[in-house]
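Take a look at the structure set out below.
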Ligand SMILES: O=P(O)(O)OC[C@H]1O[C@](O)(COP(=O)(O)O)[C@@H](O)[C@@H]1O
Ligand SMILES: [Mg+2]
Ligand SMILES: [Mg+2]
């Protein structure tokens, strides 16, 4: 039985990063406790507030955000934080080493129906001379992440973590420890399972419609095999399924709001999930460009996402390679 901290030390992770990940997990354990109590703790339902994205905040969005913020800002290693639920970054210790960007509760439309949600986090090192209270400090390309992960609050609470040396899963035990339960996760290259919100079909680009159309044709179509579909409406749960048994997950560009290159957010959804997917041997792309190579322009920037089993994502990309003038391509560069 290997505890998270013991495993990280075995991997020769820098002590400061072990400390930071420990702090993140203290906060996530508190989130898990609140979620487990649910209605009994009065944490279900919505607030009267909207966040910077214009979305109504669930009570748990706010509770999870406050917990992560409090625990992280109490750690002297943290120079600053940025969150889906904060309009602007919040500065921590001016001499801190790390910037932590997070989606405190992902899939929050699932909270009130007792379906899986999660916390997603991305860790960067602050660059020389940067002000951690300003967006610019955080606008580093995804390749610069020193750690990324999520905690899935499902039947059990599972941490999926990468510090750049593969992906490992840790399960939260009743003792309060995260224990290594799956080492060096590898995504199968091929799959017959896809996840996409089909209700947006009419808003997609032709390329995406053509690809999904071929999947739906099954063994009678160009792909010559049947596909199965899943949609949990919680990116953490979808990515966990992809890491566990393969698959392709996509939230592509759509024309509902032409100023936005997708629904998901680059800095606290696209980037950390892409690091996990690549570290597990999968591929993650906007359909035009590798997500980890995007140069971020805003903290709350959106991006189109297609990730998962390498051969399947590469097949999807072939549907897009001919298109050089799509609006999605322009918005995602
Ligand atoms: O409502 P839809 O279109 O099914 O979108 C679901 C997607 O939105 C998200 O819930 C967005 O995350 P938040 O809950 O953090 O806003 C993703 O987790 C999920 O993949
Ligand atoms: Mg989210
Ligand atoms: Mg969220």
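Residue numbers in this text run from 1 along the chain shown.
Cβ from N, Cα, C; glycine included.
Neighbour density for residue 84 (Mg(2+) 1 binding site): within 10 A of its CB lie 26 other CB atoms from the protein chains shown. Annotation source TrEMBL lists Mg(2+) 1 binding site at 84, 103, 105.
DSSP assigns residue 106 (Mg(2+) 2 binding site) to a strand segment in the three-state reduction. Residue 106 (Mg(2+) 2 binding site) has a Cβ environment of 30 other Cβ atoms inside 10 Å. Residues or ranges marked as Mg(2+) 2 binding site by TrEMBL: 103, 106, 269.
According to TrEMBL, the substrate binding site annotation covers 106, 107, 108, 109, 197, 263. Cβ-based neighbour count (10 Å, all protein chains) for residue 197 (substrate binding site) stands at 13.
For 6-182, the entry in TrEMBL reads domain 'Fructose-1-6-bisphosphatase class I N-terminal'. Across the domain 'Fructose-1-6-bisphosphatase class I N-terminal' (6-182), the prediction's mean pLDDT works out to 96.
For 187-320, the entry in TrEMBL reads domain 'Fructose-1-6-bisphosphatase class 1 C-terminal'. According to DSSP, the secondary structure content of the domain 'Fructose-1-6-bisphosphatase class 1 C-terminal' (187-320) in residues is 60 helix, 19 strand, 55 coil.
Cβ neighbour count for residue 263 (substrate binding site): 20 (other Cβ atoms within 10 Å of its Cβ, all protein chains included). Distance from the CA of residue 197 (substrate binding site) to the CA of residue 106 (Mg(2+) 2 binding site) is 16 Å.
Listed in chain order, the residues near the Mg(2+) 1 site other than 84, 103, 105 are 61, 64, 65, 83, 85, 102, 104, 106, 108, 119, 120, 268, each with its Cβ within 8 Å of the site Cβ centroid. Cβ proximity to the Mg(2+) 2 site centre (mean Cβ of 103, 106, 269, cutoff 8 Å) flags the following additional same-chain residues: 84, 102, 107, 118, 120, 150, 235, 236, 264, 265, 268.
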